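Undergrad: Got a structure here, written out as structure tokens. Questions coming.
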Number of protein chains: 2
Amino acid sequence: MPKPKFVYFFGAGAAEGNGSMKELLGGKGAGLAEMTSIGLPVPAGFTITTEVCDLYYKSGKKYPAGLKEEVGKYVAKLERTTGKKLGDPADPLLVSVRSGAPVSMPGMMETILNLGLTDKSVAGLAAKTGNRRFALDAYRRFIMMYGSTAMGIARKKFDDEFDKVKETLTRKRLGADPETKIGDTDVNADELETLIAKYKALYKKEIKKDFPQDPSDQLWGAIAAVFDSWMAEKAVTYRKVEKLVGVKGTAVNVVQMVFGNKGETSGTGVCFTRDPSSGENVFYGDYLINAQGEDVVAGIRTPLKLTEFAKKDPAAYKQLCDVRTKLEKHYKDMQDMEFTVEEGKLYMLQCRAGKRTPAAAFRIAVDLVAEKLITKETAVSRIKTTDIEGIFYPAIDKSHAAEMKKSFLVQGIDAVPGAAAGKVYFSAEKAEDEAAKGTPVILVRKETSPEDVGGMHAASGILTATGGKTSHAAVVARGWGKCCIVGCEQLSVDYEARSFSVGDVTVKEGDWITLDGSNGNVYLGALKLIQPKLPKSYETLMGWVDEIRKVRVRTNADTPYDAAAARSRGAEGIGLCRTEHMFFDSEERILAIRSMIIADNAEDRKKALKTLLPIQTKDFEKIFKAMDGLGVTVRLIDPPLHEFVPHDEEGQRALAKACGMRFEVVRQRIEKLHEANPMLGHRGCRLAVTYPEILDMQVTAIMTAACNMAKKGVKVFPEIMVPLVIDEKEFAILEERIRAVAGEILAKKGVQIAYKVGTMIETPRAAILAGEIASRAEFFSFGTNDLTQMTLGMSRDDAGKFLPDYVDEHKAAIFRQDPFQSLDQKGVGLLVKNAITAARVVRKDIKLGICGEHGGDLESVKFCCRIGMDYVSASPFRVPVARLAAAQAAIEEAAEAGTAKTPRAARKPRTVRKTAADAKPAGTRRPRAKKAGNPQ
Amino acid sequence: MPKPKFVYFFGAGAAEGNGSMKELLGGKGAGLAEMTSIGLPVPAGFTITTEVCDLYYKSGKKYPAGLKEEVGKYVAKLERTTGKKLGDPADPLLVSVRSGAPVSMPGMMETILNLGLTDKSVAGLAAKTGNRRFALDAYRRFIMMYGSTAMGIARKKFDDEFDKVKETLTRKRLGADPETKIGDTDVNADELETLIAKYKALYKKEIKKDFPQDPSDQLWGAIAAVFDSWMAEKAVTYRKVEKLVGVKGTAVNVVQMVFGNKGETSGTGVCFTRDPSSGENVFYGDYLINAQGEDVVAGIRTPLKLTEFAKKDPAAYKQLCDVRTKLEKHYKDMQDMEFTVEEGKLYMLQCRAGKRTPAAAFRIAVDLVAEKLITKETAVSRIKTTDIEGIFYPAIDKSHAAEMKKSFLVQGIDAVPGAAAGKVYFSAEKAEDEAAKGTPVILVRKETSPEDVGGMHAASGILTATGGKTSHAAVVARGWGKCCIVGCEQLSVDYEARSFSVGDVTVKEGDWITLDGSNGNVYLGALKLIQPKLPKSYETLMGWVDEIRKVRVRTNADTPYDAAAARSRGAEGIGLCRTEHMFFDSEERILAIRSMIIADNAEDRKKALKTLLPIQTKDFEKIFKAMDGLGVTVRLIDPPLHEFVPHDEEGQRALAKACGMRFEVVRQRIEKLHEANPMLGHRGCRLAVTYPEILDMQVTAIMTAACNMAKKGVKVFPEIMVPLVIDEKEFAILEERIRAVAGEILAKKGVQIAYKVGTMIETPRAAILAGEIASRAEFFSFGTNDLTQMTLGMSRDDAGKFLPDYVDEHKAAIFRQDPFQSLDQKGVGLLVKNAITAARVVRKDIKLGICGEHGGDLESVKFCCRIGMDYVSASPFRVPVARLAAAQAAIEEAAEAGTAKTPRAARKPRTVRKTAADAKPAGTRRPRAKKAGNPQ
């Protein structure tokens, strides 16, 4: 294999690389090459590729053969291009050395400036610039940067030396007890020379070697430092936290120095081509006269706004404006740029797509389409999941960084984004009471259970000590878009004392805390929150999203309130209505369901169910109304019954009293509900098989509600869903019973309603035998939460102990992402894909969707689109994310089809539709939720 | 569709049906047809098919169209054949009506004899036989049988009438206070006539109709009674208990009456063509002179042995001997026959394959081969699983039926067959202590856990209140072939009081009880047990089994003792050695594993593992020695760690003390091990991923033991198995580590050992991605226990609440058998089959086996053979069953291949073998466990 090219040159209007080569050249290197190519003023230089970094680590920190020679060749080329030579005692070439990974990555090596200065060449710089102090100051800074950044000497040791010099000077010049101290700029050339000597001595003491006087040694030292910083703890942690996997390494950029600190016609700045905060099309940035980048970072002097810069130095500003126009035309996106002006001449040091707020992301995307710079598809492709989250959820006002830092308490798992501040309460009951009084409440629990749902709903935020992103707390809170932090293991919750503690800090009931659900941070006290505002451009862009996508988006909603909330976010029906969640809405309901559960025989059970029937009927009526004209998939009762009953003596005694039973009997019945593995226990349709009277009640409630609403002119499309099916026969038995009960209601009410009966596919066996089951089921909804648990043999409640290792890039790295967050496409996805194929063979028009947590995950939704689902169902707050994902999937598919020349393996459009709920507007497969006659 | 034929005639040497038509004609009907065809003396008659019964129930108890006519036609034919007419006042045709299902089924309608007698025809019978009393007695019996059996009048009411008559007669004839009473036969003709009048009055009172005087009405009444008895509670329960599914219904046999009660040259009998108890080739049976079948059943008179019959009535006996010879030649099996002699002439009433003891089953099969009546293959096919169980396990001496009935206490689930009598103890500790003194012990527990293993081993039998056939108690006991009854839910165990109670009966510590593991019955007191003896023919037959089978049989054995036991039963290696079971063998081991588990860091963990290393090494040495020359698959630690630690405060305090830790710390660490769904939690190779030091210790122990034994000349073939794998990468990481550790040991010891590294396939994901995993794994062992749990989403510990409904024919009937007992071939089996196909594509010579509980189940093993596994692994006591199953599978496969003309889809013989452990004798695929040079 021939040696790959290790180094890419740019300079004098030409570059070997370009902007598309981020993977190889890093973001910075690719940007410099691209800017050079399109004629922008960029100092010459070269980039050592990320591949070298990769090889360096693969071979145990050895450079690949040929690198030295190749770098040498390019140094010579740089010298030719600039007309200067490294280390030239007369007019030395100075360079900066920076790291630059394919993605922006804090924690890696910062810049080393002025490389090339030595005891000899510093004189040349002094002579050439006619400024000895400037040259010595540059040398001083270089030794410090090289010593600390490249060689790892503590920066403080250099600062201490400098401070000692300044103290001596202060005493010498201002007397023994001065009121003011002298600053850096007060140190003159001779004194700097003394300081340089001390720096070199410090260097020798620490490194046991003289400070390198050969610029080539300096260069290789800096290159090694960049590569080593790739594996520095900070950088590794960052990649882990940000889930950056598969990044090969960092590139090294060696660029000719330009100086912004050569006087009043020099300076340095950072700017955005548009306002990164609002997205408005105005030039935005800061400029610091007579300064180097380092000074901007240090934040000692206040920079000028660009408008002030324009007044101060119109000529330089004009050059910058030209660059702005050129860059936006070229990149067709808002750019973030670093630049330096040296004695009136502009040099571009970096450019990249600018980071922006979520609101700005929407505005810029929409504006760029209006400006005809990009297509709607491109605009849609640029929106990120976090952009949507950002415009819906409140956030902590980050302008008080110091306060935030001070009040930081602990970090948990970021289950649901958004922020919340409130008073701490430890019981759902108390939380409800306090919230009813108008107090903002944070509910703090070891873990939550269905009994806590009332308090969870009342609270502004939820914090739990245990559980993962798919624990009960997380799933329920996500449904409401309510800020939630889980698995905060350092939390010791003491229910008795009504307090929790983290280390020495104790937080009592009624104390204020603030949660940041976007990163899992918990703060003491009440921090200021910013309430998001939906930008106008949101509606425009989401309109395009709906035009583009081919897959419908439904929602998982269990209450009329959720249903309405989801519909307002664009949900085209309910994909999963979990009937059991309705049972926790009032004391009356809880008691009824509990009496039903502890009933010893079918008669008592039926009596209890009789109480529940009108309640469920009312709920369904409201849900059908909220979803007028759209399909509503109602899942029959699913969870293990023991989830509904109290497990403490007090609760059991209360229940016994309420039911008029002996406590001991209630205790025993509840004990009998205990299961070794409740996930795999007596739940789902197994409940309907053993207690068919529950099914009867639920179907009666659904169909009665549907009839009642239909009579009032509401368009209802009920879909009754059987959970946890494992076999065609099992489904058939229940389907027959459902149809019998439903038929009776319809006959009694004298109403015609086209309802469907289908099933969740959530056991591997159901997925394997999907073809058989499809012979009876009119729709499938893939319950990927449970399907993932069973296929992987991994309980999501217990995976916290080992799953992190499985996702960790530096440990097992078996999954790229938590399979409960992002669908395991290879394993679970294959089951789903095969099930879809088998089902469509048997029933061409079977309706297929997904209703697990994955329905709100970008990559998972894209996968669902690719394998041909008809819809995805997401929790109400994730509906816009799901819509976006579906649109992006359609765009990607179209792009692939375009690239592949021949169209992608022909997936036949699924056009056979049965009920009005499935009708689509003629001649288009584009879903338009709000269009009449298109109810889904 | 043309009407099917509903009625089949037999008589006068010809029959429309034959012996192969059991499904349609029932066992009795098919037997009568076959006997008629081969020229045996059978009274004429006809059979109404089981299909009619099926149609009867499918149409809501209505007879199919055309049945009446068809039966009418056959009655006429029967009248023609016999020369008599039903209801003929001169010489009436009398018939018996009997039910007859495809399988023998108690609880269904018994015989109705003498049908056709009416007030008028009884006179004809009297005249024709010249015996008025005989005729009236027949009529009396008929009314009683018809009234009770067909019409459901309580038999007692008829008996009461008879008793009253007899009492009156007694007073009349013998005086007011007689010492003896008069019997049935003392009642004369006139008195019988009075009784008949009373019977008819009783009939009218109960049925509100006169006793039918039209023989046709009688016949249809009897036919309806037979069909109705199919769904009688007793019959339904029997089918449920015996897991008889898919049986259409019962046939009805209408047969001309013959009379064994016509004097000294008449009689009736039951006999077996060979001794059903020993299998010896001697004629065996009972004969009652001047009697009808009814009298034999009543058991009032003592029947003659056949030898006596031969002396009494040599002519009749000669006819019977001819039949015996003819039947055995014809059926090529031992037959059980019912016959009647009417005035010196023999009539055959029934014949079927005779029931026999397990020992007889072996002897008869082997003898028939010697007699050249059947082939070895047929002999092997005839042996049943229960035959093998029966000759290995002790049984209760059934000769004291009354005592058994009296002492019966309760029935649980029959987890492991065999019987045991012993004193009750409630703790494993106490059980061990008492057993050590030589007391036979029954360990009674609510449920067992690994901590109880010592006590379980010491006990003669185990009884638990909870759990199913695959609960901890059942699985462990099965491994030892130890009698075990589980899930005895009526048992209230009170550990504190050291007693258990069932209803009002309380059994205290030290009381005797007897368990019958073959049916789950528990008896009070010590019943007499029969210790089985292995018949000589067992070895002969099992030799043929081993010649015939193509699949190897290994064993699941965790100790040297089990390994040796299994080998003596024909195991050809260990398919599953569960290392964790070794940890419960002594206090020292338990403490070491517990310290390891509660260790907070890798260092402490390693320290604890250091204690375990020499212990495990020693165990493996012994196991390798026991399996000299055979493969040994060792599974790395699998179960969740919390299974090893004490969950009660006392135990935790003791552990804290032993480890020198604070109780509170121990308590917290153990609490942290709690999991919501341990089955899907931190277990299997996930332990090795998070705590690789455990893997290191175990591999070190295995390989050190292997080297030590190899040096002593033992042929070792270690196979290291990674449990609960879900991904190729996960396996690869562990495989590399295993090879690294193993390589080090081999190098250090200077020994060459061909070891293998493979994996359990027990998660659906592993099965789906088997192709990928096979690229690294040298063998797969399908862990069908867990694979079933996960594929079905069904925890075997919790399935007790609903699985019975799923298996119940009259409820959901989703599974024909408990899927944890017999492999779910359709779902789990498909996963396994596809995994095998995918694996062999990637690695042609991959070794494939099964090691779940299913490895000891007949149908499951046959399935494994069909889909091309190399071996099955069963618990030591199930090894012979697995061998038999493998042979029967081979026979069935050959038969199918023969029938299908073209050979079955060519499965290529897997001949590429790598290690000596896999070598097979040249020119044969037949496994011979004990042959040199053929270690597996």
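Quick reminder: no glycine exception, Cβ is built from N, Cα and C everywhere.
Pasting the feature list from TrEMBL:
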type	residues	note
ACT_SITE	A:His472	active site, tele-phosphohistidine intermediate
ACT_SITE	A:Cys851	active site, proton donor
BINDING	A:Arg578, A:Arg635, A:Glu762, A:Gly783, A:Thr784, A:Asn785, A:Asp786	substrate binding site
BINDING	A:Glu762, A:Asp786	Mg(2+) binding site
COMPBIAS	A:904-913	compositional bias 'Basic residues'
COMPBIAS	A:923-936	compositional bias 'Basic residues'
DOMAIN	A:64-312	domain 'Pyruvate phosphate dikinase AMP/ATP-binding'
DOMAIN	A:317-361	domain 'Pyruvate phosphate dikinase AMP/ATP-binding'
DOMAIN	A:440-520	domain 'PEP-utilising enzyme mobile'
DOMAIN	A:538-889	domain 'PEP-utilising enzyme C-terminal'
REGION	A:894-936	region 'Disordered'
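Each of these features: where is it, how hidden is it, and who are its neighbours?
TA: There are 20 other CB atoms within 10 A of the CB of A:His472 (active site, tele-phosphohistidine intermediate), with all protein chains counted.
Cβ neighbours within 10 Å of A:Cys851 (active site, proton donor), excluding its own Cβ and spanning all shown chains: 29.
Shown in sequence order, A:Asn556, A:Asp558, A:Arg635, A:Asp638 are the residues of the chain, 6+ apart in sequence, with a C-beta less than 8 angstroms from the C-beta of A:Arg578 (substrate binding site). Following the DSSP three-state reduction, the secondary structure of A:Arg578 (substrate binding site) is strand.
Around A:Asp786 (substrate binding site), taking its Cβ as the centre, 24 other Cβ atoms fall within 10 Å, counting all chains.
Over the domain 'Pyruvate phosphate dikinase AMP/ATP-binding' (A:317-361) the predicted model carries a mean pLDDT of 93.
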Undergrad: For A:Arg635 (substrate binding site), just give me the three-state DSSP call.
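TA: DSSP assigns A:Arg635 (substrate binding site) to strand.
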Undergrad: So which of these recorded positions, A:His472, A:Arg578, A:Arg635, A:Asn785, A:Asp786, get their C-beta under 8 angstroms from chain B?
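TA: The answer, in sequence order, is A:Asp786.
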Undergrad: Is the domain 'Pyruvate phosphate dikinase AMP/ATP-binding' (A:317-361) in contact with the domain 'PEP-utilising enzyme mobile' (A:440-520), using three or more Cβ pairs under 8 angstroms as the rule and ignoring pairs under 6 apart in sequence?
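TA: No, the domain 'PEP-utilising enzyme mobile' (A:440-520) and the domain 'Pyruvate phosphate dikinase AMP/ATP-binding' (A:317-361) are not in contact.
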Undergrad: Other residues near the substrate site, CB within 8 A of the CB centroid of A:Arg578, A:Arg635, A:Glu762, A:Gly783, A:Thr784, A:Asn785, A:Asp786?
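TA: These residues sit around the substrate site: A:Leu576, A:Asp638, A:Pro723, A:Met760, A:Ser781, A:Phe782, A:Leu787, A:Cys851, A:Gly852.
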Undergrad: Taking residues 6+ outside the domain 'Pyruvate phosphate dikinase AMP/ATP-binding' (A:317-361), which of them lie with a CB under 8 Å of any CB in it?
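TA: That would be 19, 27-28, 31-32, 34-35, 38-43, 104, 255, 258-260, 262-263, 265-279, 283, 285, 292-293, 306, 309-310, 368, 373-374, 378, 382-384, 386-391, 532-533, 535.
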Undergrad: Please report how many Å separate the Cα atom of A:Thr784 (substrate binding site) from that of A:His472 (active site, tele-phosphohistidine intermediate), as a whole number.
TA: 16
Undergrad: What's the longest C-alpha separation between any two of A:Arg578, A:Arg635, A:Glu762, A:Gly783, A:Thr784, A:Asn785, A:Asp786, the listed substrate-binding residues, in angstrom?
TA: 15
Undergrad: Identify which of the binding-site residues A:Thr784, A:Asn785 has its Cβ surrounded by the largest number of other Cβ atoms within 10 Å, counting every protein chain shown.
TA: A:Thr784
Undergrad: Which of the three DSSP states, helix, strand or coil, fits A:Gly783 (substrate binding site)?
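TA: Coil, per DSSP.
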Undergrad: Looking only at DSSP and grouping its letters into three states, which state does A:His472 (active site, tele-phosphohistidine intermediate) belong to?
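TA: Note: A:His472 (active site, tele-phosphohistidine intermediate) is helical by DSSP.
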Undergrad: Identify, in sequence order, the residues in the chain of A:Glu762 (substrate binding site) that are 6 or more apart from it along the sequence and have a CB within less than 8 Å of its CB; answer 'none' if there are none.
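TA: Result: A:Gly684, A:Pro723, A:Leu724, A:Phe782, A:Gly783, A:Thr784, A:Asn785, A:Asp786, A:Leu787, A:Met790.
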Undergrad: How many other Cβ atoms sit within 10 Å of the Cβ of A:Arg635 (substrate binding site)?
TA: 28
Undergrad: Per DSSP, what is the residue tally for the domain 'PEP-utilising enzyme mobile' (A:440-520) in helix, strand and coil?
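TA: DSSP composition of the domain 'PEP-utilising enzyme mobile' (A:440-520): 18 helix, 28 strand, 35 coil.
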